[in-house]
């Protein structure tokens, strides 16, 4: 190496590594001096440390660790390529300034937390603002009407409307609770419920001032006509314009009693879903009105002969076979029931006997009248004979022996099972014989 050359000029004489090691040792000595000066600085002790100071000391620990780590890095001469970051020396005034800044930052954190606590209240106030109405006027009208109906009659009406109107209908916003139209509907529903609760409260206060009698008479919310008649509101009422209550009740009764031309089994074709819903609601109400009341399981149904001709099983094309009691003629059935302690049948039998009584046009009645007999007197010269005529039905025509009784003859002391058995025997006796086959009388 040429000693006359300046040290900054690189000389390619093979002593490059030795030169580089000397430079690194000089840099390490300079940095060790800087660290010793910083460690020899007097430490400031505070008698009553503030909570902010504690937090500051905790926040400064990583810097101390970095300094110690830097010191260790300087002492390791093998890692010569790792250069520590430059150390900035600060005075005690700088440390005080940092304390003030940390205290200000701690206060700003508190303010941010308070602002975060206040934001839910502000957001709740903002939620009271009405959402924008739907752009489609039909959807807006449907949402308003549906909100009023649901507020009056409960959430089940909304579920029924959702089930009855699937697909692309004006009610499609019910299937997406996050859309703007559904939020508008929920807002309108809350307004309607609030209005109804206010009217109820005002009605209760008014009735309390008027007295107990007027409170029972004055009802804040009267039931609509469709609830009194058991008729459900059709969904097409959501489209109709409000009319007078009297006219609406009359039109509802007329629509129930008088079916329209569009009432067919296929329903109105090419109509909107609301008209279809109204049609099916009206049809269900008519079927419910025409449905017969259910009979108790313990009660024995009346025979088909006592029912209407359209209700008999023989005229029903959907049923096969017959009940044995259907073949009993009405006259025979009346006689049978009159012997079963049936009050209605006994009364009917007495009325029939009065109508079938022998009148003055009878030949025997005329003959006895010529002989001086009067109605109510006995036969004979002493007027003490038989007064009542002999009934032809009591004559024995079944060739029974002496002391024998007919097994199918009903008695008042028979129970319901014995009466039913004998009634079936009577029906078998009068069973039809369309082919005219000879039959033996079993009873």
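Every residue, even glycine, has its Cβ placed from backbone N, Cα and C.
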If you check Swiss-Prot, which stretch out of 285-325, 326-366 is marked region 'Disordered'? 285-325
Write down the single range among 18-44, 45-71 that appears in Swiss-Prot as region 'Disordered'. 45-71
Checking 174-197, 198-221, 390-413 against Swiss-Prot, the stretch recorded as region 'Disordered' is 198-221
